[in-house]
Amino acid sequence: MPKQTQIAVVGSGYVGLVAAVCFAEMGHNVICVDNDERKVSALQGGDTLIHEIYLPELLQRYRNTKVRFMTDLAEATRECEAIFIAVGTPQSETGDADLSYVEAVACEIARSITSYKVIVEKSTVPVYTNEWIRRAIERNGVARDMFDVVSNPEFLREGTAVSDFLHPDRIVVGADSDRAAAVLREIYAPLTSGEYYTKEDAIPGPCGVNAAPPLLNTSTKSAEIIKHASNAFLAVKISFINAVSNLCEATDANVEQVAIGMGLDARIGPRFLRPGIGYGGSCFPKDVAAFRSVADQLGVDFSLLSEVEKINGQQKKRFLNKVRTALWTLRGKKLGVLGLSFKGETDDIRESPAIELVEMLLAEGCSVKAFDPAAMERTAERLPAGPNLEYVESSYAAADDADALLILTDWAEFAKLDLKRLNTALRYPIVIDGRNLYDPHAMVEHGMTYISVGRPTANPPREHA
Ligand code: UDX
């Protein structure tokens, strides 16, 4: 029977909240601390504040029992053996990660340490942060043998966050002390032993696989680099396939066939080879910039990452050009837009390429009717409705009387639209799909002109008089 650990999680954002309820699901007792009182009382009342599958039911199951929410970090520090720091590390103006929240939390923890604590970096942080945290705690008068600092990066994705947390490909524990590594091994034992996966009501994995993950012990610096390098590598993969999709467009080849052919090579693998309108979200843009900045500061040439960012920016402009090519001029055109979040199944709009494109279209003089299943409220705060921008209640309402329909986010429901109804709703049956959600033949069968990414444009046969 794995041991129950008293765990504090500092920060109730995506990573912190998901970690808190998942640690409870693994059998531990958790205190989730946030300095935002409104957030804490919403969470205590069962409001998850973010759109994420399985989160509401786990919060319901454990709130105010195995997971308590509070603002008092001192109390949480006193009560818990392991303290996970999961606060934001936003991008600063120079591209570096802004670590001021991490530092503030480390100092506050230091002031309440009265017995041995393992302090765990869960936020994505640059290499050497571990050392800075250690120094900050020592500077606040804590003896070296009263604490250890461990790096345990998190690899969850939004939209599948709970499943990813409980079914990770690997658990990375960067620790320079055996005592601290042992605490982390115990915390993750329900997963690494496979015990969790035998539970009747275990949360299923993102691909339904229930294999026990390996736990990789590394140095703290290696663990910090693993997180940044993993995200940067995935961004490289996406920019690479986006560049290949542009080559496919120039040659009338089909990027889908190319990606399948590449992905069947086990050394490459099929995932993260979906071309589109560029990556977005709270991680990739920030982490690629931060990793590049770390390399710069250490005198290491990693200009590959600048190219990755460049391709990512160009991908949005290429999409805008596709709209221009399809419609000739843009001023005054009425466009339906499907999708505002940075990817499907989430209401997160941070660094959303979809919203950037809407802004570009508005700047070109288009009028936009937009629909998103979960992200409209948040988008409207940033981009209020006005004479040229309307938020509507369904995909068909977005298509209504539009000169073309644009698909900008890969929500599963956008791949299952009634094409006949869509064709009737549109003024001109033109669909410009930035996420390759449809089979071009099906679109042509429904009388649509279908423009996608890295695949030949599909036109219905011309009618002869
Ligand atoms: C990412 C990492 O996957 C995760 O491991 C890390 O912990 C946080 O950052 P997330 O930002 O939630 O997760 O989303 P992800 O599914 O990775 O997608 C990121 C962006 O890349 C999205 O804009 C998505 O649309 C885009 N993407 C992804 C592609 O354009 N093509 C792909 O093949 C995959």
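Cβ atoms here come from the backbone N, Cα and C positions, even for glycine.
Noted in TrEMBL for the protein shown:
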ACT_SITE  C283  active site, nucleophile
BINDING   D34, K39, T89, T124, E158, K286, R350  NAD(+) binding site
BINDING   F155, L156, R157, E158, K227, F272, L273, R274, P275, G276, G280, K343  substrate binding site
DOMAIN    336-440  domain 'UDP-glucose/GDP-mannose dehydrogenase C-terminal'
Site extent for substrate (largest Cα pair distance over F155, L156, R157, E158, K227, F272, L273, R274, P275, G276, G280, K343, Å): 24
Cα-nearest neighbour of E158 (NAD(+) binding site) within the listed binding-site residues, L273, P275, G280: G280
Helix, strand and coil totals (DSSP H, G, I; E, B; other) for the domain 'UDP-glucose/GDP-mannose dehydrogenase C-terminal' (336-440): 36 helix, 20 strand, 49 coil
Spatially closest candidate among D34, K39, T124, K286, the listed binding-site residues, to F155 (substrate binding site) (Cα to Cα): T124
Rounded Cα separation (Å) that holds between G280 (substrate binding site) and R350 (NAD(+) binding site): 7
Per DSSP, three-state class assigned to K227 (substrate binding site): helix
Euclidean distance between Cα atoms of T124 (NAD(+) binding site) and K227 (substrate binding site), Å: 7
L273 (substrate binding site) and T124 (NAD(+) binding site), Cα-Cα, nearest whole angstrom: 24
Spatial separation of L273 (substrate binding site) from R350 (NAD(+) binding site) - C-alpha basis, Å: 22
